[in-house]
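For reference, the structure is listed below as structure tokens.
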Amino acid sequence: MAGAATVRSSVKPRCKPRKEVARSVQKKEAWKEGRGMKSRFVETRLDSSFSSEDSSRSGGSLKKGPGLKSSVKAALNSVRVPSLSLPVLTMNSLRCAWITPFSEPLYVSFHDEEWGVPVHDDRKLFELLVLSMALAELRWPAILSNRDIFRKIFDNFDPQSVAKFDEKKLITIRTSGSTLLSEQKMCAVVENAKQTLKIIEEFGSFNHYFWSFVNHKPIVNGFRYARQVPVKSPKAENISKDLMQRGFRCVGPTVIYSFMQAAGIVNDHLTSCFRFQGCISSHGKEFKPADNETLRDDK
């Protein structure tokens, strides 16, 4: 037993390495400073904006002087943020995938304010039909940037006025160089205006004719991905077939589906887009999938 005691006493207690001691000291110092760390960081970053009278250190905390608030305001007001051509997106204003930071402002505005919003005005419907016909030769950004020219050429899209265009009128438009459509497409617009008047006489309005195909309720597809959005649909094929039987020209299923999207007859905003629910609300109800129905996410 005495020998055992001798052995124990001969064993020296383990000392911490210098590195561990240094680390523990640093931790203790950091813990003591505690909540003053953030204040010192702010003070360091804004040191050039604050005077020595406005801020001082004492016991690891930042003491605010009487002029601190005004100094902060002055520092913030001196920062200039460059203006952007497009609205800044937030989590509540995400747009469809085909709208990018490089999209033209007119195209963005069209997406935000018109595309997918139900239209019931006859003249507006005729305008969107003509613009959709132009998609065979132009893209939406080009069409929208020349929208005022289209309105001037077609007398603000008054079908009664356009239906009276004769060959002399069309030649004048072509020679003026203001037309953006081919001769064939120009003649088709005039013919479609004549047939539009017949539909209005038969159905009471252009609005009633188109919306009767969908029982006067917008089709809400609820697509999640841009690749799911079609270029035509069976409903568009039915409308296209009926229009062509009535004498309309250049109104294939693709043109009609583009028209249906623009006129809000079909809502093809992606479910992640802030306009998806907005366009539904403009029709007076909120979109909710049925119990046995889910949002379309087929790939």
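A Cβ is built for glycine as well, from the same backbone N, Cα and C atoms used for every other residue.
Per TrEMBL, the features are:
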type	residues	note
REGION	1-68	region 'Disordered'
COMPBIAS	18-46	compositional bias 'Basic and acidic residues'
COMPBIAS	47-68	compositional bias 'Low complexity'
BINDING	C96, H111, H269, C273	Zn(2+) binding site
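Taking the features listed in TrEMBL, we show where each one sits on the structure.
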residue: C96; record: Zn(2+) binding site; DSSP class: coil
residue: H111; record: Zn(2+) binding site; DSSP class: helix
residue: H269; record: Zn(2+) binding site; DSSP class: coil
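Around the Cβ of H111 (Zn(2+) binding site), a 10 Å sphere holds 19 further Cβ atoms from the protein chains shown.
Cβ contacts within 10 Å of H269 (Zn(2+) binding site), excluding its own Cβ and spanning all protein chains shown: 24. Listed in chain order, the extra residues whose Cβ falls within 8 Å of the Cβ center of the Zn(2+) site residues C96, H111, H269, C273 are R95, W98, I99, W115, G116, L270, F274, R275, F276.
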